[in-house]
Every structure is written in structure tokens, then in C-alpha cells.
Number of protein chains: 2
Amino acid sequence: MKEIKVGLLGLGTVGSGVFEVLKNNADEISRRSGCRIRVTRVVSRGLDAVRKMVGPDIAISEDPFDIVNDPAIDVLVEVMGGTTVARDVVLAAIARGKQVVTANKALLAVHGNEIFAKAREQGVMVAFEAAVAGGIPIVKALREGLAANRIDMLAGIINGTTNFILSEMRDKGLSFDAALADAQRLGYAEADPTFDIEGVDAAHKATLLASMAFGVPVQFDRAYIEGISRLAAEDFTYAGRLGYRIKLLGIARRRADGIELRVHPTLIPERRLLANVEGAMNAVWVKGDAVGETLYYGPGAGKLPTASAVVADLVDVARMTDVADEHRVPYLAFRQDQLQPVPVLPADQMETAYYLRAQVRDEPGVLADITRILADEGVSIDAVIQRQPAEGEPTTDIILMTHRTVEQRIDAAIGRIEALPSVPSSVVRLRVEQLN
Amino acid sequence: MKEIKVGLLGLGTVGSGVFEVLKNNADEISRRSGCRIRVTRVVSRGLDAVRKMVGPDIAISEDPFDIVNDPAIDVLVEVMGGTTVARDVVLAAIARGKQVVTANKALLAVHGNEIFAKAREQGVMVAFEAAVAGGIPIVKALREGLAANRIDMLAGIINGTTNFILSEMRDKGLSFDAALADAQRLGYAEADPTFDIEGVDAAHKATLLASMAFGVPVQFDRAYIEGISRLAAEDFTYAGRLGYRIKLLGIARRRADGIELRVHPTLIPERRLLANVEGAMNAVWVKGDAVGETLYYGPGAGKLPTASAVVADLVDVARMTDVADEHRVPYLAFRQDQLQPVPVLPADQMETAYYLRAQVRDEPGVLADITRILADEGVSIDAVIQRQPAEGEPTTDIILMTHRTVEQRIDAAIGRIEALPSVPSSVVRLRVEQLN
């Protein structure tokens, strides 16, 4: 039986999961692939612990380039993370003609264009199912399963940490800070959670999804990114009264004049499946012109789920090592020479509906002033809630849902609303997507 | 650019969808596949209408074997349906070395072992993404996306007609007959709906899913099949009170001693995503040992969604026509010589939890008699509801939820319960799955 030799770079959570899955399911994987996929070299810090985990028969060392320089190795599995050493090692492996499987979304979102171009030159594969939505085979769905479609839009819950926090805020009425503390205590959030809660991780993934959906180069630096750290508990309550839930979505949308690529908290109707994805789970909703709506759900992180995606890539790569490039699925779904430089639209040109919450003095005419400003700016209103103030309370809340409009109109309207003497504090603005 | 010539057998709903998608998205498909995929021959009845639809440049005729006998054709797309002529044509095409793409679940569930064996001998592909769950790329997910996993269980809403009827029964409190009439009026059910409502169509699809999940030959004749036509409106009410919804599921489950392959109405907890799949939509829940739970959702039928799956298969096939068999994904996920003859367990050995509804005389001691019988048979009880009878009403309902047990124990218990003088009519028995 053909044997594929793997060099495993990183033996942390994901790396040890990959090792475990390849070992536990070796027979099943061979029955599927017709190959024996064997880890022959592991690079990781802490050699004593590594030796204990991998047993006596596998070469171990601490220098990532040992994998690149081992001529017997067919495939580099990069599950170390980071965008500096990882980039150098991946490029060096490609230069040596090795296949690459990686779980590294940051690396590909930032350096993908360079990496895919070099891989194309060398005729090697770069597989990255594990980089987006963990165990969910969404890369395969977008690149292959929906290949007949012109993709119109996708929207994904692609960061488990933030989805866990948002679920806690809604279910338990917690503040953001309290829900974050829960997430940290339970291991769903890191000690420094910035990358997750500010939407950067989701934007890396959305960048890759957008490229595969529309056949465009990765454009992470053009993504609009807004995290969840400023969300207030009362917005979950008002959203619920209006029939919506708040989720951090990574969204890619095709427009005639470009694409939208954005990550932000989003109100979505509570009857949509995506609104009911709770805790640390992920899901991606994709709308194509032929298929209509589809959704893919599963664990977005974790040792074995991520390993499931890495090993699925290994099976694909093992099957196709000796096959010419033209027979392989292109990195970003479209053939490298067919990517089109469609621009990502600037934030003020994005189109969505909006949820606005204004704290207002309890005076007659405030609602009329606000709705007049929105009308002036060409923003039409879908629904209004005005909270009944408690006896003697000097201010109250007005909540407005708008129809779809261009962001710059809302910006202009908010500026004017905040200038009203009856509006003492800044207006909360969240985006709304119907997903239909 | 390489050109792949397609012979399209059938120009009904799906066939015309395939034609339309290939035409409308030709550029996008070429950018993805690096090939031009072109229909060069169409076989269908009603040549005038066919000519009008396909234009002047495509050969048309009424004999299915014209595609087989056309040496220029690379791929047969079989979207005609049926298991007699379709079988002959598919086998003849395989014998001539043509690739096959089919949407025909009945054909593959019944004749799959023969067809795949012949295809293996001839070294041709038989792709069938459209045969299960329409536009959802579930075949690809099972065969490739989850290739690292030992699949434990899958459960799918894989028949849109029945899911539409069940949604109507629950939402509107309709009887089965009334909901079926609605479905027929709206085009979701055929004039003769037997295949759908009695679960046969779902069993065809579940048979294919089970084979791909576990690496076993297709065993349609061993599937347990129970449809929805005997469901009563009150069971939806009681299920709702217990926190459950009723769905027709196709289930495949791995056991130490064999596999379960069954289609039946099933109570599932209302908080599961699968319970919230409404109307004619489909979804398949898959649990693997590495990935955990995943779910795939989308339209299970219809012109363009089904065409989306057929054309995705065409893209895969186009890429791999000149490539040796060992590089291709096996028909049933596992290599043909690695399928294992694991038996489908007989119905009385299936294990699930149960929902039982007994109409009982409003007399003291009835509940005690029933619970005593269940205890005698080794069935433990999870929850009981006893409906308060209206003033003067001689009978009432007792609803019991059991823990998991073997079907033959429930059968024995039901036999004894129905023999009680205080139980005047037969006991309603539905299966329950927690999907966790």
C-alpha cells in the first residue's frame, strides 16, 4: 500500500489531535484512501513530552526546518500558528516540492496570495479545511460542493469564543465583561481574548471564505472588522422583543460594483437556523444562485474536531500527490489564473438594515425629530419601540429598525440625531441581516 | 480549454435545471474547473419541446441508448428516474467506458452493488450527489469532508414532501389527510404520494448514506421503513408538551453487532437544529468520533437545487476523467474492495427510546398496571403525562416516554398493555432520538 509520510509541525492541542486521529482511525482511513498516512517526524518544543506522546519510532526535534530538510517527507502539516516562522517554513516546504496542510487562518488571510502563487509555481497543494470553522467541511462545500453556483452571499458564525459569550449574554442576561469572565473560566476564551472578541479571527476566516465564494485574491486588509466588546445587555433584550438574536457574523456579499467583506455583531431573525447556533458551535450559511440557501454546522474548534479537518485534507492530498495540477481543486476554488481583482467596498458603501438605540429625554416630539432626520437622509423605518420610562425617570430608550440602506446615510443620520439636545448620549448602532 | 461532452438523459424538471445551470454559469464553472462542460446530446420524449429548449446545436432523440452509442460523449447524466431502463442504460454506458452522473436514489439503493462493481471493473466514475438531499453536498461531506472519522450515527430529514406535511400538521394542528391535501395543492406532494409518505424515498437515501458512513454494501431490502400516514394530530400536541417535535428521519447507526438502518417518524428535542428544519427543506445530522456533531442543511429537491448537485458532480468528474482510479474518491467512501458485509440488524433488535400513547378508561389503577408491565419487560420510564379527562368523558390518554430499550421489549410490553381490559384501543408507539 502506498505510504504518505507526514511531518507534523506543532504538537499542541491540534497537533496532538492529528496524531491521535491518524493513529486511532488508521484502518478506517486506509480503507477510504488506499494509502497509509504516517507521521514520520514531529517538530515541537519540549522534546521529553513529545517523545512520551509519539513513541520511539518517530523522529523528533525543535527546528521547524527539519521537516523541510527531510527528503522523505511528502506533506508538511503546519499546526503551529503564527504568521512569521510559519510563513517561512511553509514557503520553504513549497520550494522543496512538499505538499502543505495547514490550520492557520491568519497565515493564509495575510500571506495567502504569496503562498498560493508559489505553490502554483511548484505544483504543490496547500489544503486548509481546518483554517475555517474547525471540523465543518465548509472549504470543501464552497470549493467543490457548490461549484455549480454563483455564490451571492455567505454569513458565518466562525468564532466559537464570541458565540459562547453572546449565548451567555442572551441566556443569562449577563454583561459582556461577566460573560467573558465565564468564557475564560471555562476555557472558551484565552487570557488575552483580543483576537477573538474584536473580530480579527473571524475576519481571517471570512477573508478566506470570501475569496473562495467569489474567486478573488485574499484581501484581509480591506475587511471591515467590529467586535462584540461594546455590546450591552439591554440590546439583547430589545432584539429579542423584535424577534431577533445577536450573533457575530463574518459576511461576504457580492454586489455589482464589488464585494462586501465584514465582521460585526448582527441581528438575525430568531427563526433562522443560524440564530439558533449556540455556545461555542460554528455554522456557515451560504446562498448560491442555483442551490438557494444551505447551512453547515459543527464544532469550530477543539482538538479532535480540528484534527478531523486536517486529516480529511491529508486524505485528499494523499490521493492526489502524483497527479498533475490541472486535476486538482484550485486553492481558492477558482483556478489561480482566473482569480479576479474585484474590490472590497469601503465601509461607508456597505448596505444593511440597522438597529438603532437612542437614549432620549422623556419629552414630547423626540421621536418625531428622530424619524424626521432619518427621512431626510433617505432611511426608511421598519419598526419602532419606545420604552415606557419608569415614574420620574428622566430618560428613556427609542429603538428603531430600518430597511436596507447605505452605511453613509446611517452615519449622517446618527450624527444629526446625536446633535439633538434631547439625545444626551451616543446612539447604539447594530447591523441587521434577514438572511433570505 | 479541455471540453467535456455530456449526454443528458431526461429533460424534465431536473434535466432542464442542469441544462440551465450549465448555460447560465458556464464562465464561472470554467473558471473553477478549467474545462468547458458542454451538453452535446439530449434524450427525452417530446422532441419539439426539447428542440425549443436546447436550441439548434444539440443532438436530440428519444432513445436513451443514443447517448451510450455516441462515441463523442464523455459523461452520461441520468436524470430520467426509474430502475429498469435507467439501470440498463447506466450499465451500458459504464460498459462503454463513459462516466456516469445520476440523481437516481432508487436505482443506486436497489442496484448500487451491481453498478459500482461494474464501474470499478471499467474504471469509470459514478457520481450521485443529487441522489441524496438534493442541493446539500452531503455525499461529499460523508465521503471526503469527514474522511478522518469513524462515523457513529447519522439522522436526516431527507424527504421534503413529508417534512412539509409534518410542519403543516404541527403549525396548523391539521390531520395528516388535510396536510397531505395542502401539500398536493402546493406542488410539494405528487398525485400518488405513496413513495414519499410511506418512507420509501427516504429509505433509498438512508441506504446510500449508511453505506457511505460505514463502508458497507447497499442493503435497501434490509431497511426498516415506517411512513407518516398514521400520525395523529394529538401526538404533535403531546410531543410539544414534552419538548419534542416529530420528524420523519432516515437513521443509520453503528452498533457493535451490526448497523441499524431505519426510516420512521421520530420525536427529537425541539432545541436541536434538526427539529427546526421546516417545510420542504432537508438536513442531515452526522456524528463522527473525531468531529463530534455536524449538520448540513438546504433544499432537498427542486429544479435548480438538484441541478446544483448534478453540475458539481460534473465538475468533479471533468477534473478526474483522465486520472487513474486510485486517485479518485471511492463510490461509497470506502474503496470497493474494502467494503465490509456488516449486517443490518432486524427491526426487533433496534434500540431507541419510545413515546407511547394509550387511550385508557378513566379508572383507578390503570397507570399502575401499565407501568408494572413496562417494569416487568425491563423498560424504564423517563416521563409520564396523564391527560385530565373532561367531565363525564369515559376515557383519557396516558403518554409515556421510555429510556432507550430494545424494540422487542417494547413490542412485548405493548402486547400486554393492549390486552388490559382498561385499554380499549391500540397503543400508539413512536420512536425517540435525543441526537446527542
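All residue numbers here begin at 1 and follow the chain in the order shown.
Just so you know, glycine gets a Cβ as well, placed from its N, Cα and C.
No curator has checked TrEMBL annotations; they are predicted automatically.
What TrEMBL says about this one:
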BINDING   B:L9, B:G10, B:L11, B:G12, B:T13, B:V14, B:G15, B:S16  NADP(+) binding site
BINDING   B:K105  NADPH binding site
BINDING   B:E190  L-homoserine binding site
ACT_SITE  B:K205  active site, proton donor
DOMAIN    B:355-432  domain 'ACT'
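Here the binding-site residues are B:G10, B:G12, and the one ringed by the most other CB atoms within 10 angstroms is B:G10. In sequence order, B:L8, B:G17, B:V18, B:F19, B:S44, B:V79, B:M80 are the residues of the same chain, not among B:L9, B:G10, B:L11, B:G12, B:T13, B:V14, B:G15, B:S16, whose CB sits within 8 A of the CB centroid for the NADP(+) site.
When secondary structure is read from DSSP and collapsed to three states, the residue listed as 'L-homoserine binding site' falls in the coil class. With respect to their backbone Cα atoms, B:T13 (NADP(+) binding site) and B:K105 (NADPH binding site) stand 16 Å from each other. Over the domain 'ACT' (B:355-432) the predicted model carries a mean pLDDT of 95. On a Cα basis, the residue listed as 'NADPH binding site' lies 15 Å away from B:G10 (NADP(+) binding site). Spacing of B:L11 (NADP(+) binding site) relative to the residue listed as 'NADPH binding site' is 18 Å (Cα to Cα, whole number).
Taking the Cβ of the residue listed as 'L-homoserine binding site' as reference, residues of its chain lying under 8 Å away and at least six apart in sequence are, in sequence order, B:T161, B:Q184, B:D196.
The residue listed as 'NADPH binding site' sits 14 Å from B:V14 (NADP(+) binding site), counting Cα to Cα. For the pair B:S16 (NADP(+) binding site) and B:K205 (active site, proton donor), the C-alpha distance works out to 23 angstrom. Around the Cβ of B:L9 (NADP(+) binding site), the same chain contributes B:G15, B:V43, B:S44, B:P64, B:I67, B:L76, B:V77, B:E78, B:V79, B:M80, B:A86, B:V89, each under 8 angstroms and 6 or more positions distant in sequence. Taking a C-beta cut-off of under 8 angstroms and a sequence separation of 6 or more, the residue listed as 'active site, proton donor' has the following same-chain neighbours: B:K105, B:A109, B:A131, B:V132, B:A133, B:G156, B:I158, B:N159, B:G250. Counting only residues at least six positions away in the same chain, the Cβ atoms of B:V79, B:A103, B:A130, B:K303, B:T306, B:A307, B:V310 sit under 8 Å from the Cβ of B:V14 (NADP(+) binding site). Here the binding-site residues are B:T13, B:S16; the one with the fewest Cβ atoms within 10 Å of its Cβ is B:T13.
Assigned with DSSP, the residues of the domain 'ACT' (B:355-432) fall into helix, strand and coil as follows: 23 helix, 28 strand, 27 coil.
Taking all protein chains in view, 27 other C-beta atoms sit within 10 angstroms of the C-beta of B:G15 (NADP(+) binding site).
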